[in-house]
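So the structure is just underneath, and the comments pick up after that.
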């Protein structure tokens, strides 16, 4: 490719400056590719091509950023006197473009490896006052939102020209683009992941018309959202009640049966000293009282106070997870206890149960994490589940 380019330039050097129908020169098209040698050659023979716009106001830098060609981007930046001045017709720099186009590698490069002049662009505003975080949030780019919100140099509470924070921009864009295909499960999951990242770092809704952030009470959601919390509470209450119903008879119908031959030990379990029986009793007791506790906590949530309801959900959710886990372990211990004389069957059941218990814990963790909590410990706990979910759902949308 570079050889053909050299031959063309030698015979028709003026073609370097020729622009196509959309106003792009040869360097624009080279920036769209990963052919670094072609970009270097064009830069050597045309010192102004890097500073020319197309009809949309895009410089070659914008196109390299849009297509995620890091090495090409680095080379173009080396030949750019002030990258902060390179903006398109909407005032957007290369980080704005990367945020819109899901080019995570470009954003990561700017945050971690770029020079100070380039890093300054992470808080740059376009003509509408939007920073890269505004655009990443409004277009639901959770991976990029995560990268930006974890960087201490990013201004999380910056307002655009409409006095909107990144959270406001996210909510407005979601409402204005509520198209049928956006109702797909993956798309809604992407929205949720983006929202969690913004909430976990304390990004709030801005008070309209003022240049200050109004911190809304998290315990006073709008009335239209109360039905969602009621349904959630009722669902958890049904689950906790079922757990209690299952665990209660387990405390009396013990595996292995009771001793009826010895008068002194009549009614006592025959496997009292067995290790697996002790594990069974511990877990069935924990699941029994855990289920009752969750039910009582959720009963408090039914009193009509939304503040109390939200608090009850926060407490009941992890407790229900522990209760489900202990009930699963109790089942494992009880089954293993009565079949341990047949080693191959006991081993097979043990492996199956452990695999499914781990799967259960993983699914439950992914259901409730990443968390929107702004607590630093919770952010670190939810970091890897978030990365996994982002990879799983965002990449599936990119592949459409």
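Cβ from N, Cα, C; glycine included.
Whatever TrEMBL says is automated annotation, not expert-curated.
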Where TrEMBL places transmembrane segment among the ranges 180-211, 308-339: 308-339
Transmembrane segment per TrEMBL, picked from 145-169, 345-369, is residues 345-369
Looking at the ranges 233-255, 371-393, which is given as transmembrane segment in TrEMBL? 233-255
Close approaches to the repeat 'ANK' (56-79) from elsewhere in its chain (Cβ under 8 angstroms; 6 or more beyond its ends): 22-24, 27-28, 30-36, 39-40, 43, 47, 49-50, 86-90, 92, 94-95, 97-98, 101, 103, 105-106, 109, 114-115, 118
Under 8 Å Cβ-Cβ from the repeat 'ANK' (128-148), and at least six residues away from its ends along the same chain, one finds 90-92, 95-96, 98-100, 102, 104, 107-108, 111, 121-122, 154-156, 158-162, 164-167, 169-170, 172-174, 187, 190-191, 193-194, 197-198, 386-387, 390-391, 394
Please give the sequence-distant neighbours of the transmembrane segment (345-369): residues at least 6 beyond its ends with Cβ less than 8 Å from one of its Cβ atoms. 317-318, 321, 324-325, 328-329, 331-332, 335-336, 339, 381-382, 385-386, 388-389
Would you list the DSSP helix, strand and coil counts for the residues of the domain 'PGG' (229-337)? 83 helix, 2 strand, 24 coil
